[in-house]
Amino acid sequence: GSGRRWGRCGRSPRKSVQGWLAPGCPSRAWGAPRAVLLNKSLLTRPVVACTTTLDQPTLAHQIHISPRSYAGSKAASLHWTSERAVSVLLLGLLPAAYLYPGPAMDYSLAAALTLHGHWGLGQVITDYVHGETSVKLANTGLYVLSAVTFAGLCYFNYHDVGICKAVAMLWSL
C-alpha cells in the first residue's frame with residue numbers, strides 16, 4: 001500500500017505547526033509547539049483520524065447543512081434560475097411601466113414584485129430562522145404576507161390609479 005496506517009485517536013486534538021493532530025499521532029515538526037484546544041465545542045467534535053506516518057493528518061469534520069439542501073435535485077437549480085429570471089424581468093418591467101402604463105403592466109408589476117419579495121424573504125428565513133417550529137411559523141407568516149401584499153396591490157390596481165400612475169404621480173411631486 002501507500003505506507004499509511006489510519007488510527008482512531010479518542011482524546012482531544014492538539015495544534016502543531018503543520019495542522020491539527022490527535023494525541024498519540026506523530027508530529028511532523030521537530031520540537032513543534034503543541035497547544036491544547038480549550039474551546040469546548042471543538043472538544044466535542046467527532047473522533048479525529050490520524051496517520052502514524054509522517055504524512056499530513058486529516059481531521060474528520062461534521063458539516064451542518066439545512067434540510068432544504070439535502071435534496072441536491074434539479075428543482076433547486078430551476079428555482080435559482082427562476083429567481084434570476086424574475087429579477088431580469090423586473091429590470092425590463094420598470095422602464096416599460098414608465099413608457100407604457102396600463103392595467104396589464106400594473107398587474108404584471110404586482111405579480112413580479114410580490115414574487116420577488118416572497119423569494120427574497122424566503123432566503124432570509126432559510127438563512128436566519130432555526131428550529132422546526134420557528135421555520136414553520138416564519139414560512140406561514142411569509143405566505144400570509146405575500147398573499148396580503150399581492151391582494152393589496154391588485155386591489156390598488158383595480159380600485160385606485162394603479163401602480164404605474166401612482167409612481168408617476170410621486171415623481172411629479
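The backbone N, Cα and C atoms fix where each Cβ goes, and this holds for glycine too.
Residues within less than 8 Å, Cβ to Cβ, of HIS116 (heme b binding site) and separated from it by at least 6 positions along the same chain comprise VAL86, SER87, LEU90. The heme b binding site annotation in TrEMBL covers HIS116.
As annotated by TrEMBL, ubiquinone binding site applies to TYR128.
Here the Cβ of TYR128 (ubiquinone binding site) has 9 other Cβ atoms within 10 Å, regardless of which shown protein chain they belong to.
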